Protein chains: 2
Amino acid sequence: MTLRIVEIFGPTIQGEGVLIGEPTVFVRAGGCDYRCSWCDSLHAVDSRYRHDWLPMTPEAVMAEVERLSGGLPLTVSISGGNPAIQDFGPLIALGRTKGYRFACETQGSIAQPWFADLDTLVLSPKPPSSGENPDWDRFAQCLEAAGPARAVMKIVVFDDADYAWARDAHARHPELPLYLQPGNPEVDPDQPVDLDVATARLRWLIETVTGDRWYTPRVLPQLHVLVWGNQRGV
Amino acid sequence: MTLRIVEIFGPTIQGEGVLIGEPTVFVRAGGCDYRCSWCDSLHAVDSRYRHDWLPMTPEAVMAEVERLSGGLPLTVSISGGNPAIQDFGPLIALGRTKGYRFACETQGSIAQPWFADLDTLVLSPKPPSSGENPDWDRFAQCLEAAGPARAVMKIVVFDDADYAWARDAHARHPELPLYLQPGNPEVDPDQPVDLDVATARLRWLIETVTGDRWYTPRVLPQLHVLVWGNQRGV
C-alpha cells in the first residue's frame, strides 16, 4: 500500500488555526475532491501535477519525517489536497508507536475511520467564495468518525458572504471550537506577499467579528504567509 | 476599595500567547515592581504617568467592561503593569457571576490568592535583556497560588542570551505549556512598525527553535503589533 505524497517538509511551525505556532513537520497528500477557486495548494490538487506526486509507503513517509525531525517526536501535520481520500491509518499507527502526534486538516467531505487515531482533526468547510458547496451530512459523518480526537472547525473568510456563511456554519456546530482566518488572494509562489494588504485583511476580519460582538471564534492569520510569503516548503 | 486602572479597551483580540486570536476586553492595571528595559507599556508602569491612572471600584470596572462588550460575556484580559500588585479578586468574582471569563498576565514576582479564580494565568518571567532578574521561588509561589487555573509560561526573546535563558526556564518548569515571542524593539506609539523587521524577527525565532529541534514551545508573534503597530487602545 502506498500513499500519494506531494511533499514532506519541516520542522517549521504550524501557521494556522488551533495549533498555530507549534513546531511540526508537514506531510502533504496529493489529490482532492474539491476545486476551490482560491486554492493555495493547487500543486497538491490539480491532476496535471500528479506526476510530481511520489508513491510512498507509510514506512518511507515515517522515515522521512524522522530524518527531518532528527528522530525526536513532534506533531506531524497531514495536509493536502484532501488527505481523507487516502488511508493514513497505517502511517499514524506507525508514528504513534514512536511518540509522534498527528493532526490532519480536511474539508469534511469524506469520513475516514483513522480520524479517530488523530490527536487533532481540523475540519475546514469551504465558504461560498470557494465555489464549492459543503455537504453537511458528510461533515457530520467526519465529526462522528473523529470520536475521541479533538475536532475543531476552521473557516477561511474572503468577504461578507463568507462571513455570514461562517456564522451559519457555527450555528450548525456550536460544539466545535471555531477558528476564522482571512483569505489570501495572492497565492502565486513566485510573487511576494504585500504585508500591508495581508495585515489589513486580518484587521478587517477582527473588526467585523468584534464589531458584531461575536466572541466565539478565534481570529488568526496565516503566519507562514506573513513570514515566508507563498514560498513552498516552509 | 479601588483599583488603579490605566485603560479599559476592546473588544479586540488577544494578540499574544495561549489565547492568541480570542476576542477580549483588556483591563490594564497601573503600577509595576519591574522596570524592563524594553517595556512596551511604560504608561502603565512609570510613576510619572500615575496621574493618568484612574481609581475605579470593581463595580465601575465591570460596568465599563459590560458597556464595551454590549453586556455579552467574553474573556477579560487583565494586564499591566503588574496586576499582581493589586487585588483583582472582587472584580473577578463580580464578572464571573455575569458569565465573564478572566485571564491575567504577570511576571510571576508576586503571588495572589485571586490567581486561583482565573481561567488562565500567564506567567511571563523576564529574560536577561529586560535588565530584571526573576526570583524563581516567587515564581513557584505564583504557580502554587494558581491552583485550578490553567497556568502557562510566556517568554519574550530578544537575542541568543534570552533564548538560552528560555530553555533554562522551561527546564525549571517543564509542566507549563510554553509560548515564545520575539521581542519588539520598536515601542514608540507614535512611530510606525516596520512589518518586514517584525516578521524577520519572528522568522529568526522560528528557525532558532526548529533548528535546535526544540519542539516544545509555540512560537507566536504579537499580532496586535503586526495589525495596528504600537497604537494604544487596540
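Glycine is treated like the rest: Cβ placed from N, Cα and C.
The secondary structure of A:SER79 (substrate binding site), as reduced to three states from DSSP, is extended strand. The substrate binding site feature in TrEMBL is assigned to A:ILE13, A:GLN14, A:GLY15, A:ARG28, A:SER79.
A simple way to gauge crowding: the CB of A:CYS39 ([4Fe-4S] cluster binding site) has 18 other CB atoms within 10 angstroms, across all the protein chains here. The [4Fe-4S] cluster binding site annotation in TrEMBL covers A:CYS32, A:CYS36, A:CYS39.
In sequence order, A:SER129, A:SER130, A:VAL156, A:PHE158, A:GLY183, A:ASN184, A:PRO185, A:VAL187 constitute the residues six or more apart from A:TRP38 (S-adenosyl-L-methionine binding site) in its chain with CB-CB distances below 8 Å. For A:TRP38, A:CYS39, A:ASP40, A:GLY81, A:SER124, A:PRO125, A:LYS126, the entry in TrEMBL reads S-adenosyl-L-methionine binding site.
If you look up TrEMBL, you'll see A:SER41 marked as Mg(2+) binding site. Within 10 Å of the C-beta atom of A:SER41 (Mg(2+) binding site) sit 18 other C-beta atoms, taking all shown protein chains into account.
Residues or ranges marked as domain 'Radical SAM core' by TrEMBL: A:19-216. Mean pLDDT for the domain 'Radical SAM core' (A:19-216) in this predicted model: 96.
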Candidates A:ARG28, A:SER79, A:GLY81 (binding-site residues) - the one closest to A:SER41 (Mg(2+) binding site) by CA:
A:GLY81
Please report how many Å separate the Cα atom of A:SER124 (S-adenosyl-L-methionine binding site) from that of A:GLN14 (substrate binding site), as a whole number.
15
Max Cα distance spanning A:ILE13, A:GLN14, A:GLY15, A:ARG28, A:SER79 (substrate binders), Å?
15
Fewest Cβ neighbours within 10 Å, where candidates are the binding-site residues A:ILE13, A:CYS32, A:CYS36:
A:CYS36
Far apart in sequence but close in space: which same-chain residues, 6 or more away, have a Cβ under 8 Å from A:GLY81 (S-adenosyl-L-methionine binding site)?
A:VAL6, A:ARG28, A:ALA29, A:GLY30, A:GLY31, A:CYS32, A:SER41, A:ALA44, A:VAL45
How big is the S-adenosyl-L-methionine site in terms of the longest C-alpha to C-alpha distance among A:TRP38, A:CYS39, A:ASP40, A:GLY81, A:SER124, A:PRO125, A:LYS126, in angstrom?
15
Going by C-alpha distance, which of the binding-site residues A:ILE13, A:GLN14, A:GLY15, A:CYS36, A:SER79 is nearest to A:PRO125 (S-adenosyl-L-methionine binding site)?
A:CYS36
Nearest of the binding-site residues (A:CYS36, A:CYS39, A:ASP40, A:LYS126) to A:ILE13 (substrate binding site) - Cα to Cα:
A:ASP40
